[in-house]
Every structure is written in structure tokens, then in C-alpha cells.
Amino acid sequence: MSLNDYPQQVNKRRTFAIISHPDAGKTTITEKVLLYGNAIQTAGSVKGKGSQAHAKSDWMEMEKQRGISITTSVMQFPYNDCLVNLLDTPGHEDFSEDTYRTLTAVDSCLMVIDAAKGVEERTIKLMEVTRLRDTPILTFMNKLDRDIRDPMELLDEVESVLKIHCAPITWPIGCGKLFKGVYHLYKDETYLYQTGQGSTIQEVKIVKGLNNPELDNAVGDDLAQQLRDELELVKGASNEFDHELFIGGELTPVFFGTALGNFGVDHFLDGLTEWAPKPQPRQADTRIVESSEEKLTGFVFKIQANMDPKHRDRVAFMRVVSGKYEKGMKLKHVRIGKDVVISDALTFMAGDRAHAEEAYAGDIIGLHNHGTIQIGDTFTQGEDLKFTGIPNFAPELFRRIRLKDPLKQKQLLKGLVQLSEEGAVQVFRPMMNNDLIVGAVGVLQFDVVVSRLKTEYNVEAIYENVNVATARWVECADSKKFEEFKRKNEQNLALDGGDNLTYIAPTMVNLNLAQERYPDVTFFKTREH
């Protein structure tokens, strides 16, 4: 590769994730995006009936049964002279930690809103996470083939609840059975909707000009007039698109459409490739790393077990921050101080894996992991630096895991530690007994753990209630005081999967008392990986 080629390769990368409330249509949008990127030939309807293919991006056994994307997969596809990396985030309300971490690996997000429902609680939470890094947001108002709320009201709600300015790019003409298409405010064009084009891409009829009589013929006089009246109002009351405000995360361009009807998806893809930022610089402990730097750096934001049921393997997902990966190159695994030769990294089309010959800043590659890589690990071409800002949250729910066969204790521990390194669950081993306590941010995670212990480690386990209300990581600068604290609180102390000391409190009152009694000890609710 010539040196001139490198900036060009980086500049055409766009790495984004989709955030939404469960059932707002995220998986359908993911499919349609892949259809436009020529990554899949036909878009199957997500909850396929036995014979139909399941949605391409949901591939684990339990996901197949439940029809939810439990794990984050990565898909790369070309679009408009760009190379787009889409990180699929878990759509189920339980899987927040994995989602939060995925959002640290993208440069922009698409927020999908069910236009019949408006802003929902999960979207609010996810937006808070994107705020931590001022991630630019594009918005897609979905499901216009159903009856929706007033579009102006939807924009007002996004602005007041999510505290972000809206700049409509397209505007809907009717909805539900009367949905006729959208008008593009900046191109002065109307795109007409036809039903029944869900799984393939078809030519869309375009009418130029808002006052073109063809428009009245196509959508009917009433809807055409309604559109003109609404646009007068919209132009007066809403924000114009401003690229700088968008990049700063203060303004979101809004598109309307229906993912199921495969309409409007290309409009936001055009917006994404034209406006969303190229791979961005990233804060490390010693300096800021620019994506234009020639030397390779990257961080691991997710670990996933058994992406290939035929291979009992685990894959660490690494976001390339700078430089170029080439097959067989030597990288430094900074945390353990070892050099490793990476000869078989993977690139992704969800569920299909290909060996990566090369990857650039902004890309995600998969590293085969035999238990040495953890979330938050940094890889470089020799420099000692660690990327920051990959969070671990104190769990909110706890269960004790118990074996049906007590002789399998070793396999159980191995399985739980691996699942905790992967970020699927957190595991705590109390100092005073041989219990194994798992902590999660949502109930469904416990089911996932039990089912994966069985399928992947051949361990039959059950979970039961345990007297733990919350957990905090503890540290203290004064070793003498820390020793005293540890001696007096042994019954409440445990080690997590990474052997970090944790205080497990039976009640919030107990935690508050401990914090009052030991002011020199710091109790952390989150910690960096």
C-alpha cells in the first residue's frame, strides 16, 4: 500500500451502531441495510417460519429461539464509495452492558424510533450513553406503513425528552394505509412508496418539485395540499441541518420511512455516508491517538464465545483505532506485555466469517482468543498505552449458581470465568465460602448463563436467590486501614472474575453503613476494564 492510499482508506470508513427500544424494528433495519449494501441477497422476515432463514444478524442458539439479538455482531458492507461497519447491538432490554460497551467502539449511531410510539425508555438510556462521548446521531422514524403519531409531535418529543435538536431531512406523506411516500426537504423531490417491495430493492418513482402537478396526481389533491401546508410549518418551526452541530452530537437529522416496506432506508444511508464522521481520534492513558497515524493500535470491546458451533472458540472483537492490520503482523498485547503474531484475524458479515488480509482504522477485526484476552485490552505495534473509557457496571441482580453434579465444580468455574471475561455476566467468589455468585443487569442474562453452561461446557446448573442486594469494587490508598477493613468485613468480601476485590452488600443500608464506617475506602459503582 502506498502511503497516499492510507488516508483515503481511513476516510471512507463509517462505523456505526443502531440504538432503539426493543421491537422498534432494529433487526429489520439491519437486514435492509445489508440488502442495500449487497451483503445479503434477500431479506428474510425476521421471525422466520421454520423453513425461512432466520434474520442474518441473530445467530446464537438462544437467539434463534427467542428472536432477539442477544449478542453484538459486526457487519461490513460497501455503500456510496464508503465502507460501512455496522455493529449490531442487543435489542432486548436486559442486555445493556454489552450494548454500552459496543457504543464505545463506534463513531456515530442511528436511532430508530417506532413512529406509533415515540421515544421509549430504552432509547432514553442508550442516548445517555452516547452523550458521554457526544456521538453524532441520525434518526429514523420507522413503521410509517402503520398509523403513526403526528410527525411534528414526534420531533417535539425527541427534542424535549432526549435534549437534542431535530432537523427533518425527509417528511412523510400520509401514514398507514394512506402512506404515499416522503418529500426530501433538501433535494426538493418526492419519493413515492409502493407496497410489496420488502425483500428486494426496486426503482422508486421520483417527482421533482413540490408544486409539480404530477405530485397531486400521484398522491391525490388532499394529501399534496396537506404536505405543502405541513412543510410551511416545518420550515418555520424546525431546525435546518447544520453539520457542525451534528458532529458535536447536538443536532440529529431525521428521516421517515418503513423498514419492513424497505422504504427510506437508503435515505439515511446516504446521510450516514455523506455526513457521519470518519474514524475518530481516541483517548488513551498517555495521549490522544489519531486515526491518521500509521502504526496500528486497537482495543477490545467485546468477547464472544463459540461464534462457530463447529469450532469451540472465542473471538475478541477489536476496534482498530489507527494504522493498518496486515495478516501475520506482530502486535504487543499491552496488559500482559507480550508480543503476539496475528495470522488469522477475522472480518465479519454476521455469521459468515472470512479471514482478514487487511483492516484499517475504523474497522472491527476478530482475534482468536484462548483465554488470554480480556475486554478493554489494548494492542499496539510496541507502544505502551491503554485506551480508556470502556466501562464495567456494578450488577443490579444476583443469583447463586448451584451444580446438579458436584464433581463438575472445575468446569463450572472455568465456564463462569470465561463468560465473565466475555462480559455476558459478572462472577463473584465470596472469601468465606465456596459459593459462586453471578451478577447481571437483567434477569434474562441468568437464563443465558445456564443455557450456555449446558451447551458449551456440558455443565448442568441451576440458579437460586442469594442475599446480595448490590456490589461495589473497593480500593484504599492506606494499606493498613485496608487490611483492617478486610479483616472486619470478610463475610462481605468477594473476588470478581478478574480477581478484583468486591464488597457484596446484603442491603443498601449495609452498604451505606460500611461507607460511613470506612471513609478511607473507596466504593466504586463502575470500573474501567
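Cβ from N, Cα, C; glycine included.
Annotated features in Swiss-Prot:
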| type | residues | note |
| --- | --- | --- |
| DOMAIN | 11-280 | domain 'tr-type G' |
| BINDING | 20-27, 88-92, 142-145 | GTP binding site |
Taking DSSP three-state, what's SER20 (GTP binding site) in: helix, strand or coil?
strand
Going by DSSP, give the three-state secondary structure for LEU144 (GTP binding site).
coil
Within 10 Å of the Cβ of ASP23 (GTP binding site), how many other Cβ atoms can you find? Include all protein chains, please.
15
Do any residues at least six apart in sequence from LEU144 (GTP binding site), in the same chain, have a Cβ closer than 8 Å to its Cβ, and if so which, in order?
ALA115, PRO172, CYS175, GLY176, PHE179, PHE256, GLY257, THR258, GLY261, PHE263, GLY264
State the count of C-beta atoms found within 10 angstroms of the C-beta of LYS26 (GTP binding site), not counting that atom itself.
27
